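These come from TrEMBL:
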TOPO_DOM  1-40  topological domain 'Lumenal'
INTRAMEM  41-61  intramembrane segment
TRANSMEM  43-63  transmembrane segment
TOPO_DOM  62-73  topological domain 'Lumenal'
TRANSMEM  75-94  transmembrane segment
TOPO_DOM  95-121  topological domain 'Cytoplasmic'
TRANSMEM  115-139  transmembrane segment
BINDING   A126, L127, G128  S-adenosyl-L-methionine binding site
TOPO_DOM  143-185  topological domain 'Lumenal'
TRANSMEM  178-201  transmembrane segment
Amino acid sequence: NIFSSTTVFNIDNNQKCFLSSKSMDMSVLAELWRLIDLSEPRFCVAVIAIIFNPFFWNVVARWEHRTRGLTRLFGGPYVACYALAGLILLLNVYRSHSITVAMKAHPRWELLDNARVYYAGAALMALGSVFVISSFMALGVTGTFLGDYFGILMDQKVTGFPFNVMENPMYWGSTANYLGLALMNASPVGVILTAVVSLSYKVAIAYEG
């Protein structure tokens, strides 16, 4: 009858749409996998740099808190904290460099290579920079670079912008910068490395909190 014929027709169309969508998803994943080489040395170096940085500063800060080793070495907590800050900045510069090198070592993804994605990435970088810079201005050098582990405490808790918007705005801003850079370069590897950055920060926050 007419009702059963229509039903069969609709089911067949739905199945065709589902199979077509599934095939499209698989083709996108296959293309993405073809563009990414997880064993490529420059990618591995970038992953190591990303994981090492928060691990290093948390271990050193806790060691300083227990032993005051850096304070004795540099003759005072402020000099020691500034020295650690300088080293952390250098490590972060190397991390950014290694991520950039890893992205350039892999091909661009055509799916991301368009003006809309580029401008979205630029907007993310701008927003991330606002959070990073405003966080630094609110906390200062010692507040940003683990001064509390050196016994350098702020007079009161910082509650103004950007800390009234979110917790850990500097980590969020840094992650947004890397994601923006990845999108601007249409780099699937950059997106994966940004995910590693985000995960490493989540682990760091668990310890620092």
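Just so you know, glycine gets a Cβ as well, placed from its N, Cα and C.
What TrEMBL says about a protein is an automatic prediction, not a curated fact.
Sequence-distant contacts of the intramembrane segment (41-61), counting only residues of its own chain at least 6 positions beyond either end whose CB sits under 8 Å from a CB of the stretch, comprise 70, 84, 88, 91-92, 94-95, 98-99, 101-102, 105-106, 145-146, 149, 189, 193, 196-197, 200-201, 203-204, 207-208. Sequence-distant neighbours of A126 (S-adenosyl-L-methionine binding site): residues of the same chain at least 6 apart with a C-beta under 8 Å from its C-beta are G180.
Residues A123, L124, M125, S129, V130, F131, G173, A176, N177, G180 surround the recorded S-adenosyl-L-methionine site, their Cβ atoms falling within 8 Å of the Cβ centroid of A126, L127, G128, which are themselves excluded. Below 8 angstroms of C-beta separation, residues 28, 31-32, 35-37, 40, 42-43, 45-46, 49-50, 53, 178-190, 193 of the same chain, each at least six residues beyond the ends of the topological domain 'Cytoplasmic' (95-121), sit close to that stretch. Same-chain residues at least 6 positions away in sequence with a Cβ under 8 Å from that of G128 (S-adenosyl-L-methionine binding site) are, in sequence order, W172, G173, S174, T175, A176, N177, L179, G180. Every protein chain considered, the tally of other Cβ atoms within 10 Å of the Cβ of L127 (S-adenosyl-L-methionine binding site) stands at 15.
Within its own chain, the topological domain 'Lumenal' (62-73) has Cβ neighbours under 8 Å at 80-81, 83-84, 149-151, counting only residues six or more beyond its boundaries. In the predicted model, the topological domain 'Lumenal' (143-185) has a mean pLDDT of 93. The residues of the topological domain 'Cytoplasmic' (95-121), classed with DSSP into helix (H, G, I), strand (E, B) and coil, number 17 helix, 0 strand, 10 coil.
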